[in-house]
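**Student:** Provided herewith is a single structure, encoded as structure tokens, for subsequent inquiry.
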């Protein structure tokens with residue numbers, strides 16, 4: 001406890017000296033802190049360099065804080081907001097967990113390497129572990145986006161079949177598969193690095209993956225193949241949505257089977273009852289015929305919801321593509337061209353491009369905030385320390401209606417409506433009749449629209 005107190009005191013002294021621009025500090029605050037705690041000697045393996053070389057890089061701490069905080073807000077929103085409880089948002093929450101771990105475990109160590117001019121300042125056995133975590137979370141990000149793209153395409157293409165396998169448990173199983181693939185890609189790195197340090201060190205000082213075969217195979221498995229699948233399925237999703245919208249606009253959509261009691265007569269004569277029902281396939285009422293010809297509002301609204309959600313996810317895909325492609329393309333070129341390329345230039349480009357990729361982990365919450373009202377409202381509440389979900393207004397339900405169907409009365413009940421309110425039409429009240437209880441009726445307009453609306457709450 002005494003050693004820890006001395007270490008903290010030493011760290012604060014050096015930090016205050018830095019803030020007042022006393023540049024004669026020979027040992028960095030972080031180096032002094034860790035050195036005092038572990039009390040390492042010059043002959044040990046754990047030895048810091050002489051001092052920090054790049055103090056302006058500390059400004060990157062702002063990016064790290066925003067990345068961690070933004071993704072925590074996403075995780076809280078999906079956990080607390082019932083409107084966000086669907087398969088796509090579960091994937092987005094898992095993606096936010098991966099991005100948050102990038103900010104917690106990967107970006108700080110990368111910043112530390114920059115501060116020491118890319119000379120690894122920590123124990124050498126931590127280098128392959130850090131590279132493995134970097135590959136794990138980067139692979140998890142692209143795999144999540146690929147899985148989201150596939151899941152949404154299947155949901156829009158075959159909504160009924162997808163709804164049978166779209167429970168919360170099935171979504172968790174899909175997410176577990178994504179993480180299993182990501183772990184499988186990253187696990188070989190510490191094994192390779194601990195066996196041969198040359199595979200994870202360049203010039204015996206810089207911690208970077210130095211195995212050409214693994215770089216090539218890993219780049220294709222973890223990035224280019226999932227990226228190709230993601231782009232193809234996203235384009236197919238947009239194509240299906242456009243085709244469905246055009247079919248609705250031109251009236252070439254098949255109406256679902258429905259129950260339509262067009263004409264119901266209840267007669268009571270001399271103790272006998274007769275029921276006559278008109279042919280449901282014939283409709284002589286012109287107003288009713290016009291209503292039939294209208295397009296289903298639920299289906300069109302569902303397609304609009306899907307298109308809005310696809311735009312948001314499309315922006316996420318595009319940002320990921322733009323911010324990670326430079327790194328992976330440069331990584332492949334540095335291996336393929338070998339000594340023919342300027343390796344120092346390649347290293348500098350990779351150092352810049354990898355941080356552009358890291359920034360992508362902090363941009364996704366910003367995309368959700370700008371383009372989704374539910375996320376925006378949730379983030380605003382959480383920043384004001386309001387963690388309770390908003391109470392929904394009471395739902396207006398139709399009371400039970402007691403209708404007396406007189407003898408000879410014409411009771412017209414139309415069940416196929418876009419609301420839950422049955423429609424009772426004219427009656428002849430000259431003769432006594434029977435009493436009917438009309439309950440609340442809830443019939444879906446279109447099964448595909450119901451499924452689609454449940455999916456597209458992004």
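Quick reminder: no glycine exception, Cβ is built from N, Cα and C everywhere.
Pulled from Swiss-Prot, these are the listed features:
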SIGNAL    1-32  signal peptide
TOPO_DOM  33-55  topological domain 'Extracellular'
TRANSMEM  56-80  transmembrane segment
TOPO_DOM  81-86  topological domain 'Cytoplasmic'
TRANSMEM  87-111  transmembrane segment
TOPO_DOM  112-128  topological domain 'Extracellular'
DISULFID  127-207  disulfide bond
TRANSMEM  129-151  transmembrane segment
BINDING   139, 209  ergotamine binding site
TOPO_DOM  152-167  topological domain 'Cytoplasmic'
TRANSMEM  168-189  transmembrane segment
TOPO_DOM  190-213  topological domain 'Extracellular'
CARBOHYD  203  N-linked glycosylation site
CARBOHYD  204  N-linked glycosylation site
TRANSMEM  214-236  transmembrane segment
TOPO_DOM  237-311  topological domain 'Cytoplasmic'
COMPBIAS  287-297  compositional bias 'Basic residues'
TRANSMEM  312-336  transmembrane segment
TOPO_DOM  337-347  topological domain 'Extracellular'
DISULFID  337-341  disulfide bond
TRANSMEM  348-370  transmembrane segment
MOTIF     364-368  motif 'NPxxY motif'
TOPO_DOM  371-458  topological domain 'Cytoplasmic'
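Quick one: where do these features end up spatially?
**Tutor:** Computed over the topological domain 'Extracellular' (33-55), the whole-number mean pLDDT of the model equals 47.
Sequence-distant contacts of the transmembrane segment (56-80) (same chain, at least 6 residues past either end, Cβ-Cβ under 8 Å): 89-90, 92-93, 96-97, 99-100, 102-104, 107-108, 111, 114-115, 355, 358-359, 361-362, 364-366, 368, 374-375, 378-379, 382-383, 387, 389.
Sequence-distant neighbours of the transmembrane segment (87-111) (same chain, 6+ residues past either end, Cβ-Cβ under 8 Å): 57-58, 60-61, 63-65, 67-68, 71-72, 74-75, 78-79, 122, 126, 130, 133-134, 137-138, 140-141, 144-145, 147-148, 151-152, 155, 166, 168, 170-172, 174-175, 178-179, 309, 313, 354-355, 358, 361-362, 364-365, 368, 455-458.
Around the Cβ of residue 207 (disulfide bond), a 10 Å sphere holds 24 further Cβ atoms from the protein chains shown. In the three-state DSSP scheme, residue 207 (disulfide bond) is classed as strand.
Remark: residue 209 (ergotamine binding site) has 131, 135, 189, 199, 200, 215 as non-local neighbours, by Cβ distance under 8 Å and separation of at least 6 in sequence.
Taking the Cβ of residue 203 (N-linked glycosylation site) as reference, no residue of its chain lies under 8 Å away while being at least six apart in sequence.
Residue 204 (N-linked glycosylation site): 10 other CB atoms within 10 A of its CB, across all protein chains.
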**Student:** Rank the recorded positions 139, 337 by the number of other Cβ atoms within 10 Å of each Cβ, and give the residue at the low end.
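**Tutor:** Each of the recorded positions 139, 337 was scored; lowest Cβ tally within 10 Å is 337.
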**Student:** Cβ neighbours within 10 Å, counted over all protein chains: which one of the disulfide-bonded residues 127, 341 has the most?
**Tutor:** 127
**Student:** Whole-number Å only: compute the distance from the Cα of residue 207 (disulfide bond) to the Cα of residue 139 (ergotamine binding site).
**Tutor:** 19
**Student:** To the nearest Å, how far is the Cα of residue 204 (N-linked glycosylation site) from the Cα of residue 127 (disulfide bond)?
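**Tutor:** One finds 12 Å between the Cα atoms of these residues.
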**Student:** For the transmembrane segment (168-189), could you work out the same-chain residues 6 or more beyond its ends whose Cβ comes under 8 Å from its Cβ atoms?
**Tutor:** 85, 87, 90-91, 94, 128, 131-133, 135-137, 139-140, 143-144, 147, 151, 200, 209, 214, 218, 221-222
**Student:** Which bits of the chain, at least 6 residues beyond where the transmembrane segment (214-236) starts or stops, bring a Cβ under 8 A of a Cβ in it?
**Tutor:** 135, 138-139, 142-143, 145-146, 149-150, 152-153, 157, 182, 185, 188-189, 192, 199, 310, 313-314, 317, 321, 324, 328, 331-332, 335-336
